Every structure is written in C-alpha cells, then in structure tokens.
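Visitor: Following this message is one structure expressed as structure tokens.
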Amino acid sequence: MPDAKSNKSGNVKKTVGISALASVAFFTVASSVILLTPLNAYLVWSLATIAIISTLIGFICYWVLIKRSAKSQEESLDKELIQKRQKQLASHFKRMISGQKRKTRLTSRYDQPIYLLLSQNPNKDKSIITQMGYEAYKLDDFGNDIEFPILFWVSEHSILVSISMGEDQHPEYLKTLCQSLTAWRPRQAANGLLLTTDVSSLLENNEQITQQADELKSTIKTFNQAFGVSLPIYNVVSNMGSISDFCQFFSAFDESKRDEVFGATAPYSKHGGIDADWFNDEYDHLISELIANMSNALAGQLNQDYRNSIASAPFQFGLLKQNLWLFLNRLYRGEQLSDALQFRGFYFTHDGQSSAQSDLLASAVSYSVGHEHYQQNEQIPVNQTLFAQYLMTHVILSEHELVGVNKRKENTLLVNQVVFTLSWIALLAAVLLVIKFDFDFQNQRETRADIMLERYKEAISASPYDIENMADNIPNLFSLQRIYNLYKQPEPWYSLPFMPNPSIKEEVEEAYFTELQQVLIPSMENTLEKDLFVYVNLEDQSQTLSLLNNYRLLFSKDRTNVQELKNYYIRTLQDQGEADSVNIAQLDVLLNDIFARNLTPVKSNHDLESLAKKVITQTGIETLLYEHIQSSTAFAKRVDIRGELGDNFGSVLQFSPSYAGYLVPYIFTPTGFNQLDLSVNSPTLKSALQSYEGVAGAYPSALELHRISRELKQTYQNDYINYWRDLVRNVEVKEVANPTQLKSALTSLSEASNNPLVSLYSTIAKYTYVELEIPVEDDKKQDPASMPIQDPDKKESARQISLSFQAYKKQVSPNDQGKKPIDNLLTAFINAKKWGDKFYETKEPQKVAFDTLSVTLQAGNPIASLSSLSNSHLAVAEELVNKVVHQSNETVMSLAHDYLNTAWSNEIYQPYQQRLASFYPFNRKSKTDVSVADVKAFFVTNGIVDKFSQTRLNGFVKDSDEAPYLPGLLPGTGLSITPEVWTMMDKAGDIKSALFLADPSNILINFQLKAVDMTPNITEFSIISDKPIFTYRHGPTLWSQQSWQGDAKFIEQLGIQLSAQDSTIGQNTVKGTWSWFRLFEPNVNFTSAQDTQVEFVYGDSKVKLTIKTQGQSNPFVPGFFSGFSLPSGI
C-alpha cells in the first residue's frame, strides 16, 4: 500500500506538471500571436480571454491524463499481482515436491504419479479429495483457508493438483503450472486428469451442457499440448445428493459397501473417444445393479420415506442417463484431423454436503400429464461421503502408466543418453589411445636413438676423431647430431607435457655440444690457422685480410656475419676435394648449431695475427678501404628497380637468368653517390681508416691520404659506370616466336603510360644521370660567392657517369617542342598494333593476310616503317624491333600460306581428286572415262584452274630464274609455294591449249590421219565407228581430216580392222568418249610437238599411221593427261 500511494502521488505530480506546461505553452503562443496582430489594441481583454482558455486547457489535460493514469495504474497493479502469484505458485510447487521427495524417498521423479483435478468449484470437492486419501499441502503462502484457483494435495501414493475452472482462474496461472510440471517431469508431466462435474450442471438445458463440454475440451487440449501426451480422463459426477432418492438408496448399506466405486471404466482405445454401445450397456448395468440390490436395501430400512426413496432411486438414476451421454459424447467427440480425448470412465460420488435436490421422476411424470411445475418435497439429506474412498487407489492408480510419455522429449533424452554414454566411452578411448600413442612414440624414438647411438659408438671406435682433419670428423659428428635432432623434432599432439617421459634428451644434448666444442671447434680453428699461415707466407694481402677477418669472427661471441664464415669452410672442403653434397649439407647443419650456441675456441694465436697484419700493411690499403665502405651499413643496402620498370617489362624484356643486378647497391644510385664522400676530410674515409687502424698500423700522412682519396674516387667512378653497363648488357629481349607472343609484345609496346622501353630508358637515365646536391638553407637566399665549393673530382665523376649513359637520357628527354626521340618508335609500335589488330579481330585472318600481301603496297606498311627505325635506336630497341617485325612478317605470310593451302585444297585438289584423277585419260589404267564436262569445267577459260590462277596466284612475282613468290611485308621477304604447283599450272595450260585451240568454249581436237606404211599381206586397213571413217589400201597416201568433239556423243565405239583378201588379220575395238585416245595411246612409237606416229602390229603384219595436230600441244602424246598430277598441298 505505501508503494501504491507513492506511485499515485508521483503520477498526480507528473499529471499536474504536464497540464501546467500545456497551459503555459498555449498562453505563450497565443499572446505572441496577439502582439503581432491588430488585436493588440484590445490587449487586456485578449490576455484575459487567453488566460481563461489556457486554464480550461490545463484542467482538460489534467482530467484526461488522470483518467488514463488511474486506468493504467489499475491494470499495472493487477499485472503485478498476477506475476507475484505466478512466482509464489512456482515456488510453492518446488517446496511441495521437495517435501514429498523427503517423505516418500523417491528414486525417480516419475515414481510417484501426478494427477490433475479440474473442477468448477474445488471447495465443494475437498471432502471427496480427502476421502481419496489426500491431504492439502499447507504453507504460509497458500493454504486451505486461502481460496487460490490451484491447490496441491499429497498422499503416499500420488500427488493431486486441483485446478479451478471458475472465474478466479487465470491463464497465466495455468501456464506457470504447466511450466513447473514439465520442468519437473519433462517426459511425463502428469499421469491423468480427473474431471469433476456437479450433477446439477447436467440437469441444465442441452445448450448449456454442450457449452460446458466444449469449454472443458478446450482446456484439456491445452494441457495435452503443453505436456505432449494424451492424458487419460476420468469423469467424476459429484454431488449425487442433488438427485432425489439416490443417496437414500444406500442409507442401509454398510460403510464398506458405500466406499466402493460406483461407475464404469472403459476399455482402452488408442484413438480415444467414447463408444455409445458401451456407455448404454454399462449405464444399464449400473441401473440393474441398483434394482438387484433393492430388496436388500428395503430389508435394511424401516423408515417409510427411505423405503419410498429406495424404490424410486433406480428410476431417478436412469433419468440422468440422457444428459450424461450428451455431455460425454460432446466432450469426447473426435475430430477429422486429430484423435479424440482419452476417455477412461465415469464415476458417481457424493461429498456428504446438503444441497438443493431435483426430483427427476416427479418432474418427468408432471411434465407427461401436462403440468409445468410440481411441488418438490425435501428429503432428509445424506451426510455421508459415497463412492470416493477407493476411486483413486482401486481404479485410477492402477492405470498410471497408461498415459505414455512425450515422444519428442523421450527421444531427446534417449539421444542425449546415447551421446553422453558415447562421449564418455570416446573420452576413455581417447585417453587410452593417447597413452598408447605416446608410449609407442616414446618407445620408437628411444629405440631408434639407441640404435643410432650404437652405430655412433661403432663409428668412433673404427675411426676416432682427428683434430687435424676436419672433413673426417664431420660424418661422425653428424651422426651424433641426428640423435640430437631426433629429440628436437616437434612432438606429436598426443605427447603431452604431463605424460611420463623417460627420455635421454638432456644427456644427448649435453654430449652433442660437448663433442662440438672439443672436436669440431678445434678442427675449424686448425683449418683456418693453416690457411692463414699459407697466405701469410704467400703475402697475399687480400686473402690474408679475408682469412684474418674470419679468424677473428671465429673467436667472437657476437658474430654478425656467420654466413661468410660458413662459406669459407664449405669452400675449404671443396678446395680439398673432399666436399660432396652430403658433406656440405652435414657441415652446414653442424655450423648452424655452433653459431646458435655461440661456441668459440679457447685461445687465439696472437703471433699468427701479428704476421697477418704485417702482410696486409705492406702495400696500400685502398682496395681494403673500398671494400669496407661498400660493405658498411650505410651503403650495403640494395634498391630493387624492378618496380620502376613497370608491370609490362616482363612481357617483352627480361634479365639474364643468373643475373640479380636489378638489386642495385645503394652506393651505385644518385642518392648514394651524393651521400658518399671520399674526400680527404670525409667522415666515411676516416671511419674506414679507423676500422683498419689495427691492421694498417699508423694513420697515413696527408700526402698518402690524398693519394688514397683519389684512388678511391677513380675506382668508385669506374665501378659505377661498369655496374650499369653490365646491367644493360644483361637486359634480354624475350622471344617473339608466335602470334600470341607477338600480340602481347605489341600491346605492351603500344602503351604510352606503361611502356617497357620507356620505363627501362627512364630507369637507366634516372640512376645514371648524376647531379651534385647543393645544400640550401631554409628561407635564405644564398649569395653565389658564399655557396660551398664543390669537390671538383666528384663533379667530374658525375659528368663522366652521365656522359656514359647520355644516349638513354636523350631518348626520354623532350626537345623544345616537347617531343622525345623515342616517341617516333612508340608511334610506330602503335601503328603496327592497330594494323595488326585486324588479323586478330577478324573471323578470317588467313584471307585478310592473303589479301594484304596480294595488294601492291604502294605506300608501304606499318611493319616496314617500324623496321626502318631499328637502326636509329639503341641495341635493346633494335633487337626488339627486329624480333617484332620479323614475327609480324612471318605471321602474315603463314596466315596467307594457310589461306592459299585451304583454297588449293577446296577449289583445285578436291575437285581434281573427285572428278579427274581416278578416270581415263588422267589414270591410264582406269576403265572409266572422265566426264568431258568435268574436263571442260576444269581447264576451260575462266574454269577452275584458270580462276584459281587469276584470283590466288596473280600476285606472285618472278625475278630472273627464281620461283615465283608473293612479296612479304619486309623488303627481301616473300611467300613461296611448292614448285610442283607451277609445273602443273604449265601442264594445265598445255591441256587447255590442246583441247580448246579450235573452239575456246568447247572441247574440240582437229587432226589429220595418213597411213605411211603397211605390210604387203594387208590389203586394207580401216578405222570403223558405225561405219568406216578412215580406209587405206596400198597406193598413194593422203591426209584424212578428222575431229574429236568431246561433248558430242557421235562416237561411242571405235575400232580398227586389218584385212587380207579373204580374211581379217586383226581387229581391235574400244568404247567410250575418249576412244580415239584409247585406240592410239597404246600403239604410239614416236611423238613430236605436232606429229604422232602410231603402229598397229599383229604378228608379222603392221600398219603405221601419222597423226598431225594443230598448235604446240599434242594431246596424243602418251602421258599427256596422266602427267597432270596435283600435289595435295602447296
């Protein structure tokens, strides 16, 4: 209550504040409007009116807000009360369960059944509940004296939750109850449901009974859905004393009889529902039981009123049947897509309380005779509880397992149990496997180490260490290193730190490094001292200095350049001839371990060092100083110029495979040039001299210092120039050997922004155009006289370096018009690319190439123009241009050749093979004649051969005695084809001349025949077709004019006949269009350009004929046609 009062007070204050703010805001706005309008003339009246209106607005706001606030506050209080009771209900359930577990000592939460009891008025059912053996679970929060819609009842055998279905119930309470039950028993929240129905509610009209059944059905479905099971439902009809005569029937029965269950339990049905026949049979059975016990009831009762009631009771009970069936049928009616509720039985009880009675029998009789009302006679109430005591223990509890379980949660539990069990099994197996694997690993490693250690011992016994011979010590030391490395290998994941580890790792490590210290280190010292002594005797200054540095490095614990020391020992092994790849690799591993542990010899040989110093200081130390400066930290770094060469550099250019000069030493860059000061007073030179002070002896004199400075400057200048010349020499032009590479090269070279040639020239010019930097003080204009004097030697070096590479600088430097010499070359590359793109973009590059070469290039072509520029550029550009133009020319000629070859195959060779080559006279052995039409189409003017010659071969030119060629893109180049083509073209001309001499459009051969000799025994020689066309007898010889028209079918058969006076000496007949040729060709014995001599011989008889043709081509020459044989490709 204090909280409510404080909240109410706060709401009132807030409401008053909002109302006042609204009133003031309206007054302010309205006053401002009045002051800005003509109403300001009536300012006082206007302000008074606005004040009144503002006050009214404030009151209205206050009234509206206070109403809303009161309503929302009431809703909030109700909500808080409900939430509070929900928490109390959940807490009460937990404490009840805890107390029940302590009392019954449950082994499982599913051992004690839980039932729900739905009742319209649970208070009236308390006596029935207690009669069934339950007692209310009382606490301070809820007790029997508090009318809460959900109460808990406990007993030794089960738990009962009474749920009110009246208006005091709230859905949130039911939700909390369901959550508590499912949290306590997820798979089986409840075992069943008792549905108590007051018998008076069954005496209402049918609509009310139906409505009540539908409401109960909806509530029960809610529980079923929440629990995931179909709860068995036991219908208990209570307060049977409300029906007249019923309870009086049992007044004379003994107590045990009255405690028995009065009702019927239905057979179990998987799909639920209630069977009408069963209900009728069971209800009729109960009525018959009453009638059967009527005599006993009358015998035990002397009171007349009771005796009358006993006689009427069966009839009163029977009249209840119809309404009860209506209620049960409506409640358990099945639906189309779901099962009905799980009906288990109906039972009748009496709670022993007096209530208004209904005489069903009298009402029915009165209604049957036409009376609407009747006088109800009150009977003596029965204050005993009937039929309730054994209902739970004898009927309901025996079916506590009937409800089943929530399948989904049961399956989830099963899966979880399986997973849990398998997880523990897997964990146990994993632990065992880890132990097993670790044991096996340790055992294998120790076994392997023992074997290797035994071999090492055997090797040492066979070949003891020799300090004087380092090469012989390496294999044995490496054997020990392998044992050491065996324990340095990463251990597998299953070898955990806390696992037992009985290894000899520490002993092996100590033994290994002891051997290195006692064997290899002295061997290394001895080897280095021997070499140093040799070069000291040879007075080799450079080698002595290098060895002395290595000697000092060997004794230094702060080694910085261990690679130089490693390289020395590897070279020494190689020089001794004892170094193979295995020994070198072994030594490298041993040296790495020595340098990693900073192992050093015990004491150096100071006398040997002194001798080495004397050798080094015998002559000048310029070379030593120069090498020192080069290797100093300031100048040892390198600059990678590949990034400055551009992304397209690698498309056409490359450095030599073994060349790494693109990593330019910083000292050979313009910045390094300006930073390097080799003058007499430079810090660089002084530092170098100080570094070699211990070697060179006393500091040099001024004159000596000037000489050293000049020598260093000249050496540096020469090295700078030689380094960049060497870099240029190692830039190679990539091969341009196919169209793909050609296109890539032209694409790269035609780009103005990322051109590889421009990038190369610019990079070389950048690093070889050296200018001396002049320090300028900030914000001060220096007087030329006060500017520092530049070193003339350094200035001259800069000039010499720049002059050495002036050609590269000139190529990329613009003139007065802003043009660069290299621009002409780039323009030529661009033109060549544009011109060449037509070959890549067209669908018929071969035809375009052939057409390009066939047309006389009067104005030249971009490839020739590009080629003409090659001699005017540097060597790299010249080589690149030559490769590009050469491949361009080769590509175009190759495409043109492919086009010619394809055209030859399609237009000449294939028609020739299909129409001519297999037929006579082109195949002398063929028995089939070639079609004259095909011959005509092939050889006639503007025929197949003629068209090919005019369209494909017309562009070929011929110089002197060389074969014809098609001029290429470059001077002195051309496309040649197979010489057989030209031979066959000449042959085709001869055939054309022979066949079409008389008539250019038709095949016609005019020739003359004359017999020149015939043996005397022959009297007549005839050439016969359908009739003799040529006849000769001994006598004068005359020319006979003949003609062969190929396309006219006048002669299909032709023959010769040699006759004597009375007989035929010989004859021969040939058929076909080419019969003249078949007749003459086998018998030719002499030919010339126009004459052909034919001799027909039959034994001793013979006839000689002479054939004279026109023109210079004689078609009757043997092989005239068969000699025409075309190549398959050109």
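Keep in mind that glycine also has a Cβ here, set from the backbone N, Cα and C atoms.
Predicted automatically and left uncurated, TrEMBL annotations should be read as such.
On a predicted model such as this, the values are computed, not experimentally measured, just so you know.
According to TrEMBL, the record shows the following:
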COILED    199-226  coiled coil
DOMAIN    170-419  domain 'Type VI secretion system component TssM1 N-terminal'
DOMAIN    490-768  domain 'IcmF-related'
DOMAIN    898-996  domain 'Type VI secretion system component TssM1 helical'
DOMAIN    1007-1110  domain 'Type VI secretion system IcmF C-terminal'
TRANSMEM  15-36  transmembrane segment
TRANSMEM  42-65  transmembrane segment
TRANSMEM  413-435  transmembrane segment
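Looking at the shown structure, can you explain where the listed features end up?
Guide: For the coiled coil (199-226), same-chain residues at least 6 beyond its ends with a Cβ under 8 Å from one of its own Cβ atoms are 116, 118, 120, 165, 174, 178, 182, 189-190, 193, 233, 237-240, 242-243, 320, 323-324, 326-328, 330-331, 341, 348, 355-356, 358, 360.
Sequence-remote contacts of a segment are chain residues at least 6 beyond its ends whose Cβ falls under 8 Å from one of its Cβ atoms, and for the transmembrane segment (15-36) they are 43, 46-47, 50-51, 53-55, 57-59, 61-62, 65-66, 69.
Beyond its flanks by at least six residues, the transmembrane segment (42-65) meets 15-16, 18-20, 22-24, 26-27, 30-31, 34-35 of its own chain at Cβ-Cβ distances under 8 Å.
Packing against the transmembrane segment (413-435) from elsewhere in the chain are residues 186-187, 494, 496, 499: each is 6 or more residues past its ends and has a CB under 8 Å from a CB in it.
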Visitor: Summarise the domain 'Type VI secretion system IcmF C-terminal' (1007-1110) by DSSP state, stating how many residues are helix, strand and coil.
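Guide: Within the domain 'Type VI secretion system IcmF C-terminal' (1007-1110) the tally stands at 9 helix, 61 strand, 34 coil.
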